[in-house]
Amino acid sequence: MGDVEKGKKILIMKCSQCHTVEKGGKHKTGPNHHGLFGRKTGQAPGYSYTAANKNKGITWGEDTLMEYLENPKKYIPGTKMIFVGIKKKEERADLIAYLKKATNE
């Protein structure tokens with residue numbers, strides 16, 4: 001897949017202002033992502049999602065994250081996530097590799 005260390009840097013630069021990944025991490029503007037892989041959209045306990053996120057009905061995995069992270073508002077119209085996305089496929093792969101590791105520790 002991608003490079004975990006590069007993915008960690010991407011998360012710190014582009015995601016950590018709004019998200020945490022560690023077990024027991026607090027929700028910020030966006031939800032904590034611990035346990036993300038295999039979870040359906042809009043299901044992180046204790047986070048208030050839009051109906052669009054709750055109703056999307058997909059399960060997060062490498063393929064769904066690859067598409068979502070390219071353009072979140074296109075993938076889930078009505079999401080409150082303001083991030084424009086990551087256009088470079090390699091950067092998305094690196095981030096997903098890190099998320100897969102960090103959200104399961």
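Every residue gets a Cβ built from N, Cα and C, even glycine.
What Swiss-Prot says about this one:
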MOD_RES   Gly2  N-acetylglycine
MOD_RES   Tyr49  phosphotyrosine
MOD_RES   Lys56  N6-succinyllysine
MOD_RES   Lys73  N6-acetyllysine
MOD_RES   Lys73  N6-succinyllysine
MOD_RES   Tyr98  phosphotyrosine
MOD_RES   Lys100  N6-acetyllysine
REGION    22-45  region 'Disordered'
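Features as recorded by Swiss-Prot, highlighted on the structure.
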| residue | record | Cβ neighbours (10 Å) |
| --- | --- | --- |
| Gly2 | N-acetylglycine | 21 |
| Tyr49 | phosphotyrosine | 18 |
| Lys56 | N6-succinyllysine | 20 |
| Lys73 | N6-acetyllysine | 16 |
| Tyr98 | phosphotyrosine | 24 |
| Lys100 | N6-acetyllysine | 18 |
Inquiry  = With Cβ-Cβ distances below 8 Å as the criterion, list the same-chain residues six or more beyond the ends of the region 'Disordered' (22-45) that contact it, or say none.
reply    = 53-61, 76, 81, 99-100, 102-105
Query = In terms of DSSP three-state secondary structure, what is the assignment for Lys56 (N6-succinyllysine)?
reply = helix
Request  = Give me the Cα-Cα distance between the residue listed as 'N-acetylglycine' and Lys100 (N6-acetyllysine), rounded to a whole Å.
outcome  = 10
Ask   = Residue counts in helix (H, G, I), strand (E, B) and coil for the region 'Disordered' (22-45), per DSSP?
value = 0 helix, 1 strand, 23 coil
Query = Between the modified residues Tyr49, Tyr98, Lys100, which lies closest to Lys56 (N6-succinyllysine), Cα to Cα?
reply = Tyr49
